[in-house]
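Step one of this worksheet: look at the structure below.
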Amino acid sequence: MCCFSSLSIKVEEDTGYHHPIKHEKALKRERDEDEYEHKPKKVKVDNEKKVKKRKQEEDDDNNKNAGLFCNVCLCLPLFLRWEEEKCTDGSKWRFLEHKGPVFPPPYEPLPDRVRFHYDGKAMKLSPGAEEVATFYAKMLDHEYTTKDIFRKNFFKDWRKEMTSEEKSKITELKKCDFTEMHEYFKAQSEARKQMSKEEKQKIKEENERILQEYGYCVMDNHRERIGNFRIEPPGLFRGRGDHPKMGKLKRRIRPEDIIINCSKDSVHPKAPPGTRWKEVRHDNKVTWLVSWTEKIQGSIKYIMLNPSSRIKGEKDWQKYETARRLKKIVERIRAQYREDWRSKEMRIRQRAVALYFIDKLALRAGNEKDEGETADTVGCCSLRVEHIRLHPQMDGQDYVVELDFPGKDSIRYYNKVSVEKRVFKNLQLFLENKQAKDDLFDRLNTSILNKHLQELMDGLTAKVFRTYNASITLQQQLKELTSSDDNIPEKILSYNRANRAVAVLCNHQRAPPKTFEKSMHNLQTKIDEKKKQLSAAKKELKAAKADAKTLRDEKSKRVVETKKKAVQRISEQLMKLEVQATDREENKQIALGTSKLNYLDPRISVAWCKKLGVPIEKIYNKTQREKFAWAIDMTDEDFEF
DNA sequence: CTAGTCAAGTCGGGGGGCACACA
DNA sequence: CTGTGTGCCCCCCGACTTGACTA
């Protein structure tokens, strides 16, 4: 729980003890705010005019795209057609036909020789209890199984699946011995690795067959790839961070849980024999094909189309267009929030400082979360006093803000930034008379913030700043780092460095790969070998040159030439390896994939590739090229984000 | 490494409930 | 006073994007 719900509670609690929100200064501020509220009617009128003018500019810009055609589906005058359709009635498609989801195979009971032991004694479990036990057995060497919450949740849910007899016998998890089961599964996966080529080929073909049958749908005359057409198999819930629900049983999804979405006039998917769907509906206002409710969090899961599909590509394109519209007015917005740092109203100051963080540090919005239902993580609006420290002076810099909090997926955000004096002073004010667990921005939440942003620009929300800042950073960095004189490996290193700058901005971290040291070592060995090769080649060249000098014949001249070429080739290879090593080292704890896939306008990369003669394959792999087909196709080298 | 998996975010909209005006 | 209409707020949930991890 955070800002808003706690705000109302805070006010109630206030009768009991001295709470920050109603201390004297705050009360005075409230009075000030009331006065302030009555004044600025005029400002609003001005704003409306500005908005209109801005809209005009934006429309002009959109029209520039009118000449583009869609090569994704080869047949349509591109995005504008989609625009029109959507504007009229919000429908996402006219025709949708698919085969429904693929269910995981049913549970296969263990052979009798694989036993479960309780309190030292072998015990045959009922199929239901056994299946759940296998989920745990499979995870035995995972850290999860050492965690109390995980064990407690698992045991509780497991007992629900036991027969009454089992339930009365099995009362303590620590007396359970799953090792035989664990060994069995290890052997199984080993056996899978050892399978013959033919067997592997057979499995591959079967998978391909399923993909062809269930992995595609028809949406508005196009055969489109589905993203995730397999139903999630049962297992134990693995939350991230300190998740209060880790270890709970994720039950098997049955056809009776499934809602199918398709068009009326399509051939509806058939439920497996002897079963029926929960519902078949025909809602073309949404993009999903199949949905079901997940029982642990009560959230809905979907089967949707692959990122290469028209519907996703169009959304992606729109996202970047919104970010580009922000680019045009971002200076205006910055000027405004700087102005707002001096507002008489607390809520406006908080809003302005939060927006500054979102803009400068690319923080996420920070919605409220259900306390006790999810891991304790925060974003900008839900920052608490305990997550921030103020240093008037630090490392030779003034007004340093130290941020340290668990963000999305419980990834730590740690940063020290020097901020403007006014921001610093405001933060001091927000912190006054608060406890560690209190909200930093007690008069702000994401909905207030986004409503404000919506007034500044159509479609503007907190996350647009992340997209905008990521993309603009890539563009700037590419400009700064690359030169057309560089060779291809150097250009790619520069690209990765630009990409890396974005990943650092967005705090996209990864655990250093387990094999990192080893692969680094391997690479170093290769480099050493290359160096030896090079010096050998140089020696040979020298000798050849000496020969040529004494002999002065055509043949030895030619030898010199080939040796020269060899030296050149080897030193190029060496350089390539060294660049690779640098790249990998710098990438140890940083993940580039997320920003590449979700934050960087692909047109920037495509234009850069075209301009510098870098093949697009060096930047995007096959999947990525499919996802960004729209950009690869419509972008020329002059594109500016 | 890549592709796939599935958890965890963002954000908007709908609907219930409440305050208030008015017949 | 009661019943009805209206507007607003807030909460919840649905849909969709983002994200780290793993087979």
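All residue numbers here begin at 1 and follow the chain in the order shown.
Using N, Cα and C of the backbone, Cβ positions are placed for all residues, glycine too.
The active site, O-(3'-phospho-DNA)-tyrosine intermediate annotation in TrEMBL covers A:Y599. According to TrEMBL, the feature coiled coil maps to A:186-213, A:520-587. Look at TrEMBL and you will find A:236-613 tagged as domain 'DNA topoisomerase I eukaryotic-type'. Taken from TrEMBL, the feature region 'Disordered' applies to A:22-61.
Long-range neighbours of the coiled coil (A:186-213) within the same chain, counting only residues 6 or more positions beyond its ends whose Cβ lies under 8 Å from a Cβ of the stretch, are 99, 102. Per-residue pLDDT, averaged over the coiled coil (A:186-213), rounds to 89.
Counting every protein chain shown, 25 other Cβ atoms lie within 10 Å of the Cβ of A:Y599 (active site, O-(3'-phospho-DNA)-tyrosine intermediate).
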